[in-house]
Amino acid sequence: MTSTQARIREAVRAGSVRDYARAIRILEELAASGKAEGCHHPDGGAVYERGAQEEWDEGSSESHAHGGDGTQDAYPEIYLYLARAYHAQRQYARAVTYATVYSRRVPRDGAGWFFLGRSYLALHQGGYAVAALRRSVRENPASLEAQALLGLAYLRSKKPRAARMVFEQALAQYPDNKRLNAGYLNSLFVEAVQHLKRGSADLARQMFTFLINQDVDGVAPRLYLAHAFRSLKHFPEALTQYRAASAFAPHDTVLKWYEAAMLVEMGCLSQAAALLSTLGVSIERDQISDRFLVMGAVRKHMEEGAWARAASAAHLYLKTFGGSVEIHLLMAEVHRRAGRVNVALNHYTRAMKIEPKNCYPHYGLMVCLQEARRWQELAKAIRRAEGAGCDAQDCYYYRVITAAHLSNPPEEVLPHLQELARGGKADQLLFNALGVTYVRLGMADLALRWYEKTLLLDAEDEEACVGLIACYETLCDDARAYTQYGAYLSRWRDNRVIRKDFIAFLERTERWSEAADHIELLASGERGGFWGTRLAFARKKAGQYRQAAIIYRALLRQRPDERVLLHNLVYCLDKMGQADAGLRLLRAACNAFGTSVESRLIEGVLCLHTRRINAAIRTLRAVLEQRPGYTAASELLAKAYALASSRA
């Protein structure tokens, strides 16, 4: 067993007892020293690995394991173990980094793709997780874990049919596996809901019936099965299922509205009226209609904040009775509250087409666009609202708010905003507009007050939270800016623009370790983006030399003749106490790609650090011959002479 293998085993043992910090330290030392890479890389990459081999062999009485051609064996599993250790530490972005490196080095190993997919899934990067896990299953079709995780990744990516197919294939291999069966049933349920929404009621009915027979029972399966029967006009069966749903939730009054609607459909008006009276709804039997009852169910769901059920009930109404302004407005509100902006806008537009002069759809559309901060579209919507006869003051209000967020001169917009404020308007929309206007006028101190007013009304207002960051940075209040960035990103993790701004802020304020962590997180969600150099620099500045060295080695594999990368890697090795290794690496690279004044100067420094005084003197003299008057070289040469004389 080689020294490297022994160290790897030591790291694995540490990980097995959850001593991940020790495991990571051992593995990073090995990777930083080049032990993960071996000597099999084209385009000059072998230079750096040969240097790594020499540095290891010289410092150890035990020689490396070598391949049959005399080259050093690589140990890429170091990257895989690092990925697993960091995942266990919940540092998922760093786990992605190492799992990606391993999978590129050993693409036929399904384990690498599996752990890469697992870490992507932990970062909520469903698309990337699916791609990695599909590759894992392809490389290792018998892997139960990979198939189960792939099914889950598809489900989280809202692709239930693909998830169901994966679980079906896995169950063919492992028919008694309870976890696979649970995944299959979950994906089948979601797929059945999708079929129902798309109008395939009979297929949905079959799926929900199967699920219930498999003990996937409760309010939701029974309710959706009832909706399917209703869409098929099988009213007695629908009534039975609505009652079964009520049996699971006897205090859910909304379910009684569905029962009453079915009784009306079946002509049992007296029973429907009696049922409604138990809910406190007094209505004559000749005034009862199924439309009234389904609409009532929609409203009840909305009152309770059950947006998914409200959307399902509204969809059922639309399929059964056709479109109306009222139902489209309700559906728009449901989808707006659920964050599905484009779907909500579609329903507002459909309501406008039914009644072009009805003002309510226009108001709803303007609110929706304003919440989404789609100001250009809002400007057009305001003109349409004016044409439909909406209140002139309301339109003026939205026009001024919109103008504040577009490229209008802020000094022209401000008087209109102040007029609205004097007129009694006191809402967060106006406060934010005043905030952004004062920021654009260079009055961040005044803007700050308006954003703070907004947050008193709604602590979750995203625009105001971003506005505070801008104000604090303008006022050079780094402490508060730092706190506000952190608070914002803990709430809105997916805003990549703000994260990039935060990285720039962290770099400017020299919070290097945190900057590196955010660079790593940002890079994990991008393909084709290049953050390696910036990440390595931040790790180096943070004093995290092992991690920086690993990244610089990976970068040098791609660009082996780039001096800056070489010099930084050597610097990190020196700081790690491996100046000998750095010196050999530097000399190997200079022999392969030629030298430079800067490289020779660094060689002189390393000679001094390794007590090779005569070599340092020769190297630094050569630097001064090439560049006379080079102050740094002169100072180092004087230091070398002083050391030489002290030894004499």
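In case you wondered, yes, glycine gets a Cβ from its N, Cα and C as well.
Curation does not apply to TrEMBL; its annotations are automatic.
Residue counts for the repeat 'TPR' (144-177) under DSSP, helix first, then strand, then coil, are 27 helix, 0 strand, 7 coil. What TrEMBL lists as repeat 'TPR' is 144-177 (among others).
Sequence annotations record features per position, and here TrEMBL assigns repeat 'TPR' to 325-358 (among others). Note on the repeat 'TPR' (325-358): residues 295, 298-299, 302, 305, 307-308, 310-311, 314-315, 317-318, 364-365, 367-369, 371-372, 384, 388-389 of its chain, located 6 or more positions outside it, place their CB under 8 angstroms from a CB of the stretch.
Across the repeat 'TPR' (428-461), mean pLDDT in this model comes to 95. If you look up TrEMBL, you'll see 428-461 (among others) marked as repeat 'TPR'.
Listed as Cβ neighbours of the repeat 'TPR' (144-177) (distance under 8 Å, sequence separation of 6 or more from its ends, same chain) are residues 110, 113-114, 117-118, 121, 124, 126-127, 129-130, 133-134, 136-137, 183-184, 186-188, 190-191, 194.
Tertiary proximity for the repeat 'TPR' (428-461) is limited to same-chain residues at least six positions away from its ends with a CB under 8 Å from its CB atoms, namely 370, 400-401, 404-405, 410-411, 413-414, 417, 420-421, 467-468, 470-472, 474-475, 491. Per DSSP, the repeat 'TPR' (428-461) is made up of 27 helix, 0 strand, 7 coil.
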